[in-house]
Structures are given as C-alpha cells and as structure tokens.
Amino acid sequence: MNASESPITLETLNTEEMMERIPTLVYLSLVMIIGIPGNTLVILIYFGSLWKLEGAHWTFIRTITIVDFLICIIIIPFEFYQQTHQLTFYAESACKSFKVISVHLSVMASLLLVMMSANRMYRIWWPLKVPLSSRQALVSVIILGIFVTAVSWPESKLSGINLKQRKNNITGYDCGLKDRYKRTIYSFAYSVVLLVGFVLCVSSLITMYAIIWNKLRRKDHFRSTSAAHSQIEIPVESSVQTVVLEDERSVSNNKTVNQKIERKSSGSGTKSLKRNTSQRNRESRKVTKIAFVISIAFILSYLPYIIVKMVSSLPKGQYRSDSFIEAIIPILSRCFLLNNIINPFVYVCLDQTFLIQCKRVLLCRHRCNLY
C-alpha cells in the first residue's frame, strides 16, 4: 500500500456499500415522506370525524390504517438504517426485534386485506343475511393478530447478525439470516411458507373479486331486464282509511278523498323507498370499489417481491446479473411497501365524504398555523 493511500477500514467499506445503495435509500425516503403524513391524516379522519361509520368494513379499514402507519414509522426507518449499515450492524437484539415486527406487520396487512375482501364478497352474495358486526370484526382481528404472532415467531430464531468477509481480511456485521441457519432446511422451509402465503393471498383476492364482479354483473343485467318489462310499486296505505258518514253522498265524497290521499302517499312512499334503496346501493358499490382498488394495489406491489424471491431461489448461472440488476433488486424486493402508502390516495379519489373531511382537517391546520 502506498503512503498516499488511506488505509482500508470497515467504515470505508461500509461507505462504499452505502453509496451503491443510494437508489434504494432515495426510494425508502420517498416512501417514508409520503406514508407518514398520509396515514396520519387517515387516522385523524377515520378515528375522528368519521368515527360514526360502523360495521365490519370500517373496522377492517381502521385496522389496516394502523398497520400501515406502524410500518411507515417503524419498518421503513429500520430498513433505511440497515441499508446504511450493511457492514456495521452490531445490535443483535435490535436486529431480531425489527425483523420479527417486520414479518408480523407485513403478514398482518396482507391477511387483513383478505378478510376485508371476504366480508365484501359475503355482503354481495348474501345481502339479506345478518352482516358481520363491528364487534365480531374486532374479535376476528384479535384472533388474526394472535395467529400472525405465531407465524412470525420463527423469525426471532432465524434472524441475527451474520458475518461478511471483505478484502484485507476485514469482517463486516450485517442484520439478516444467522450464519448457523444458512443453507439449512429451517430457513428454506420458513421462506417457502411465507412466499406461498403471499401467493395464496394474491390468488384469493383475484378469485374473490372475480366472483364479486360476476355477481354484480348478473345483478345489473337482472335490473335492466326487469325495468324493461314492468315496474312494481309498493303502495303505502294512508292513515285515513274509513270514516262513517250519514248520507251516501258523503260516503262517495270520502272515497274520492281517500283515493287521492292514498295515491299521493303511495307515490311519495314509493319514491322515498326507491331513493333509500338507490342510496344504499351506491354506498355498497363505493365500499366495494374502494376495497377492490386497495386489493389491486396490494397485488401489484407484491408481485415484484414474489418474482425477486422466486428468481433468487434459482441456482447461480440460471439468470444474468449486472450492476443495474444488483442496484434495482433491493428496490423491487421492497416494492410491497407501496401498498402501505397508497390507501390515502385511494380514499381521496373514491370517497367524497373522506375528501371533504380531508379538506376540513388541512384547512383547520392551515388556519391554526396562521394564528
């Protein structure tokens, strides 16, 4: 080594690793900057002015929002720290904790979306049956949380500090799979279980919304066919039905008055019934559309992660690797984080009530800052 050259240290090698991951760091920064205020706004609205919205669907929406917020304030900063300490991550307990929390929240978010979609399918297929209550949905979420805790527990045993040998016999410390579990059946089996689980979630969402779409299409066809043939009105009886009068002429006049009142009340009652039914149908379709778009976002954000996992399981030499691919793979394997920041945009675009409340919150904060 020349005298003019600086000595190679672990910190120097870590800085080189970090510079190679600048695109990933930029991506994580953008996700965090968008996700934290976005999910905070959703929490303020759905736990504030829109707390009156009841039902299983809104319980699932609120729980998903909390999970998304936790991912944005815990998991993404941890990912950012890990990317900047590829060779200098020494805290094994912190590594284990964050890895377990990461798996727990990711699996929880996925299964919550499946539960919400299953609830929408139930409401569409059996609209006359008793719907799932908010309390029942909350109990389901608690049971799901216990199940996900059991699923994520093996991560605490498998993860830890692994050693990386670099040039000049320098050893780096990274948070990942423990050295003792590398190339073992335990780590392979657990990775397969998680991967199959995510694939099943994606497949079940596609299947459920295909069923929902088919049911709604058949309903629309039935309504259009029925409207073309006949229109059935449900009369609402007048409160005035019979009055005892003395002469025949008065009875005849009373019948005429009753017929007019009954006809008028029948028309207004039918219009009110139609208006209420139409409003309920619009609300149901809006909720279904929101759930559908959220599910599509989940599928699109998890597909790159699934593809990267499948490709990485191939033997060396089965696929071509270069500097661009090595730079983009860390981003693709974290594309699923987009699923945790996109929901606020979905609500703003598809829910007029949420948009109004969103404007009120933002205007209120703006006025408070002025004073």
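Note that Cβ sites are derived from N, Cα and C of the backbone, with glycine treated the same way.
Here TrEMBL flags 266-279 as compositional bias 'Polar residues'. Among the features that TrEMBL reports, domain 'G-protein coupled receptors family 1 profile' is placed at 38-347. If you look up TrEMBL, you'll see 254-281 marked as region 'Disordered'. For 25-47, 59-78, 98-116, 137-154, 188-213, 290-307, 327-350, the entry in TrEMBL reads transmembrane segment.
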For the transmembrane segment (327-350), distant same-chain residues with Cβ under 8 A (at least six beyond the ends): 20-21, 23-24, 27-28, 31, 34-35, 38-39, 41-42, 64-65, 67-68, 71-72, 75-76, 79, 83, 106, 109, 286, 289-290, 293-294, 297-298, 301-305, 307-309, 358
Top partner of the transmembrane segment (188-213) among 25-47, 59-78, 98-116, 137-154, 290-307 - counted as Cβ pairs under 8 Å: 290-307
Averaged pLDDT, computed only over the residues in the domain 'G-protein coupled receptors family 1 profile' (38-347): 82
Other parts of the chain folded back onto the transmembrane segment (137-154), taken as Cβ under 8 Å at six or more residues beyond its ends: 55-56, 59-60, 63, 100, 103-104, 107-108, 111-112, 115, 119, 186, 190, 193, 197
Non-local residues, at least 6 beyond the ends, that sit with Cβ under 8 Å of the transmembrane segment (98-116): 57, 60-61, 63-64, 67-68, 70-71, 74-75, 78, 140-141, 144-145, 148-149, 151-153, 155-156, 159, 175, 194, 197-198, 201, 204-205, 291, 294-295, 298, 302, 336, 339-340
Long-range Cβ neighbours of the transmembrane segment (290-307) (under 8 Å; 6 or more residues past either end): 57, 64, 110, 113, 116-117, 120, 195, 198-199, 201-202, 205-206, 209, 212, 332-339, 342-343, 346-347, 350-351
